[in-house]
Amino acid sequence: MSKLFRAVIMGPPGSGKGTISERIAHSFGLKHISSGDFVRENISANTEAGVLAKTYIKKGLLVPDHVMTRLLLPRLEEMTKYSWLLDGFPRTLAQADALNSICDLDVVINLNIPLETLKERLRHRWTHPSSGRVYNMYFNPPRIQGLDDITGEQLIQQEDDRPEALVARLRHYKDIAKPVIDLYKAKSILYTFSDTETDRIWPNISTLLSTKIPIGQSDARCASTH
Ligand SMILES: Nc1ncnc2c1ncn2[C@@H]1O[C@H](COP(=O)(O)OP(=O)(O)OP(=O)(O)O)[C@@H](O)[C@H]1O
Ligand SMILES: Nc1nc2c(ncn2[C@H]2C[C@H](O)[C@@H](COP(=O)(O)OP(=O)(O)O)O2)c(=O)[nH]1
């Protein structure tokens, strides 16, 4: 059997992780695992970890490492037959070490987007709370203003997407992401993309992945479920 492909996508809030992950899943047939979506699914299903995670998210905090790894690692271990892309995990060095103990990553995509661009994007980001689907009033607007395309339910603007909250969020992201980025740099698997537009970054990511993903890996069974 040919080797499976394991990738992580990192970047600050609003950097386009979700948007680019969807494109990668669609174009290369990788399973897209979003930690945020997975946490929300666990909250909806009232699992033990989901109930615990909710208490932190409600306060605007990150879910503690041991809860996240207990949620995510078994899920990854179930996916040994698939090539996958992880979005939103790892966020901390402890999470990166835990991931490292169960698999070898091939590529880490690191999105480096200017602060002003992030602020502007998040100001116009609308979210469907139960699924985590995101829209942007200009970049990818919903078909009907204010409503989710799939369910027709109301979209909301998340409190922490407001520009005032973003600066603190971004500082926090930088602090905790730096050791993770340094780790992947030292392993020579970090690929950083800097631009203000997803559409300009995408061709470069696509070219990189075309050279890295073994032929025959694109498999309809692996396509994103989102
Ligand atoms: N790897 C993780 N470690 C800790 N908490 C996490 C992790 N992934 C998700 N969470 C929790 O779930 C929440 C939702 O995650 P999600 O990635 O959807 O949104 P977010 O934090 O608004 O990020 P972004 O704006 O970058 O998409 C986070 O705010 C955090 O509380
Ligand atoms: N104007 C503009 N908006 C963009 C671009 N790429 C993504 N967006 C939008 C989609 C979302 O509403 C918001 C943040 O993107 P996202 O994919 O949710 O980012 P992330 O928080 O998962 O990293 O920005 C882009 O290139 N231009």
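Cβ atoms are placed via backbone N, Cα and C, with glycine included.
For G14, S15, G16, K17, G18, T19, R125, V134, Y135, T198, the entry in TrEMBL reads ribonucleoside 5'-triphosphate binding site. Around Y135 (ribonucleoside 5'-triphosphate binding site), the C-beta neighbours below 8 angstroms that are at least 6 residues distant in the chain are R125, W126, T127, H128, P141, P142, L155. Mapped onto three states, the DSSP output places Y135 (ribonucleoside 5'-triphosphate binding site) in strand.
Annotation source TrEMBL lists AMP binding site at S35, R40, L61, L62, V63, G88, F89, P90, R91, Q95, R169. Its Cβ placed at the centre, L61 (AMP binding site) has 9 other Cβ atoms within 10 Å.
Residues 13-14, 18-19, 34, 36-37, 40, 44, 60, 166, 169, 198, 226 of the same chain sit 6 or more residues outside the domain 'Adenylate kinase active site lid' (125-160) yet have a Cβ under 8 Å from a Cβ within it. What TrEMBL records for 125-160 is domain 'Adenylate kinase active site lid'.
A Cβ distance under 8 Å defines the sequence-distant neighbours of the region 'NMPbind' (34-63), meaning residues of its chain 6+ beyond its ends; these are 18, 21, 70-72, 75, 86-89, 91-92, 130-132, 159-160, 176, 226. Per TrEMBL, region 'NMPbind' is recorded for 34-63.
Mean pLDDT, taken over the region 'LID' (124-161), works out to 90 on the 0 to 100 scale. Taken from TrEMBL, the feature region 'LID' applies to 124-161.
Candidate binding-site residues: G14, G16, R169. Those with a Cβ under 6 Å from ligand 2, in sequence order, are G14, G16. DSSP places the residues of the domain 'Adenylate kinase active site lid' (125-160) in helix, strand and coil in these numbers: 2 helix, 10 strand, 24 coil. Between the C-alpha atoms of G16 (ribonucleoside 5'-triphosphate binding site) and F89 (AMP binding site), the distance comes to 15 Å.
Long-range C-beta contacts of R169 (AMP binding site), restricted to its own chain and to partners at least six residues apart, with a cutoff below 8 Å, comprise P12, P13, D160.
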